[in-house]
Amino acid sequence: MHFSIATIAAFIAVASALPAYNHVVHEKRDAAPAKWVKRSKMDGDVHLPVRVGLKQRNLHRGDEWLNEVSNPSSKKYGQHWSIEEINDAFAPSQESTDKVLEWLSAHGVVSVGKAPALHTLEFDMSVADIERLLKTEFFVYEHTETGKPHVACEEYSVPAHLREHIDIITPTLHFDSKPKSAAKKRYGVSKTYKDTDVQSCVDTISPDCLRALYNIPDVSSTKPCGENSFGVVEYSDNSYIPSDLDAFFTNYSKPAVGSYPELVSIDGGVIDDSNVTDFELHGESNLDFEYAIPLVYPQKVTLYQVGDGGFDPSNASFIKTKVVSTSWGQNEWELTPAYERSLCHEYMKLGLAGVSILFSTGDYGVAGSAISGDSCSNGTDRFQPDFPATCPYVTAVGATMVDPSIKDLASVLKNGGQPEIAINHTLSTPDGEIVSNVKSGGGFSDVFAIPDYQKDVVAKYFKNHKPTYSAAQYNNSGHARAIPDLSLNGAKYLTVIGGELTTSDGTSAATPVLAAMITLVNEARLSKGKKSLGFLNPAIYKNFDRFGKDVTVGANPGCDTEGFEAVEGWDPVTGLGTVDFEKMLQVLGEL
């Protein structure tokens, strides 16, 4: 949709008679995120793409509507909405649209587009004009590690009478150009490609190890349901190398050789096949697809390759698959609450549409995306949960590892035991090698309230295992969204990078694996004429005792503390625990 000059001509005529606007601060930040340094004033002649998010109607009913289609106890379970129904239900009022257009026209904006989701106005404007529009100043910031620039301001204002009509405006003070992948560690390995016996899974993980750990069938000889779909989000410049995927598949999933994800480019996202040995450029994407594809093959996997747009609250509607896995995130404190709520609402809408959204929880324990070592990422003692994992409308995935002391893994699995503990940076193999440098992210949100589906388990946690940390260190109210929801293995995944076999760690390894499992459950449901699972959490929390395994050993250190501890029941290290796929299929497949 586009508002042309003719469409807003009436507003321009009125504008000349308007009194001077009384501006009030709409959003403000006290400091730039970690590792960003202000360098210089932004050139006023440069044009930027401006997005004005309008307040949406009926957001207060989002929880109610999502619960109706996601809670197995509801009579409307599985009755997902169409995109048109979602857009109509949450579209801004005509009054909001008209008043904001009137304000923009008074400042010379004569051509305004409207995003497909109907709640965002789009136009280009010079920095100097944006500064006058929003009573602000723009600066160029530089990332101290990557050297990449980012344009932002420290606060911006809007006319007082428009505050009730405007949600957020970008680009302003949101450092959203690119989120961070869950930090993985790379190790050399002495293993050959042929080490696939179950006991080898204590040391390294392959697709067959995951099948053994979680009772996942090999579906490579089956015919996929045409209605099923599975997507993985990556952020440029990180992209996969086809030859690496083929080298991995040749040894661990022969039927998948030559199978690559189908590309959907978002905001200019491209596949960059340069510097093939660069782990930072290709490690995340290679890891995701070297495991996502074999576990669901021959089901096609979609790659949503996002360019510099990053997390755009007007842009989540690009998701078209029934499951989407994202191994990227940011410290919750690095984005503004308004921005995070806006994006979270888009995930709520995707849940209404029947999409399952999964995010990793980060790899620095309670320290968030740490500045260095175990120090808190915001320079204080406060623990830092990861966003979007803290959004209550996504499934947050933590990481575990096989206990390296196990001598007979096959027997443990045969007897239905739990061979895993929280991923742990303090344990070493018999030869003295640290098993993993990752600490699974987890904790309690400072932005989002606790959702109904996890109130009981979190209340039990605080009643029986409340940590001794103070309210200054974390949100200990018992009323905050708590993460993770589930965990899976995230240690020593065999991966091929630049033609060489290595291993990778992280919650980002666990996330696409759980997403692949959900895709297989959807396959069974769709084949029976049922709907996709959609938003997972209500069904998971209600039924976990029927298909899950508790994890009670380990912790997630950070912020110069021991972090939280894994305990009986839900905990902020491994969530509810891990899953048995066959049991999960039986339970969730029949809802």
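These residue numbers are counts, starting from 1, taken along the chain as shown.
Backbone N, Cα and C define each Cβ position, glycine as well.
All TrEMBL annotations are machine predictions without curation.
Per TrEMBL, the features are as follows:
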type	residues	note
SIGNAL	1-17	signal peptide
DOMAIN	204-591	domain 'Peptidase S53'
ACT_SITE	Glu284	active site, charge relay system
ACT_SITE	Asp288	active site, charge relay system
ACT_SITE	Ser508	active site, charge relay system
BINDING	Asp550, Val551, Gly569, Asp571	Ca(2+) binding site
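Here the features listed in TrEMBL are painted onto the structure.
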residue	record	contacts (Cβ under 8 Å, 6+ apart)
Asp288	active site, charge relay system	Val232, Glu234, Tyr240, Ser325, Ser327, Ser508, Pro512
Asp550	Ca(2+) binding site	Gln418, Glu568, Gly569, Leu576, Gly577
Val551	Ca(2+) binding site	Thr400, Gln418, Glu420, Ile421, Ala422, Ser487, Ala566, Val573, Thr574, Gly577, Thr578
Asp571	Ca(2+) binding site	Gly442, Tyr461, His465, Phe564, Glu565
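Of all the recorded positions listed here (Glu284, Ser508, Gly569), it is Gly569 whose C-beta has the fewest other C-beta atoms within 10 angstroms. The Ca(2+) site is set by Asp550, Val551, Gly569, Asp571; from the centre of their CB atoms, other residues of the chain with a CB within 8 Å are Thr552, Ala566, Val567, Glu568, Trp570, Thr574, Gly575, Leu576, Gly577. Regional average pLDDT for the domain 'Peptidase S53' (204-591) in the model is 92.
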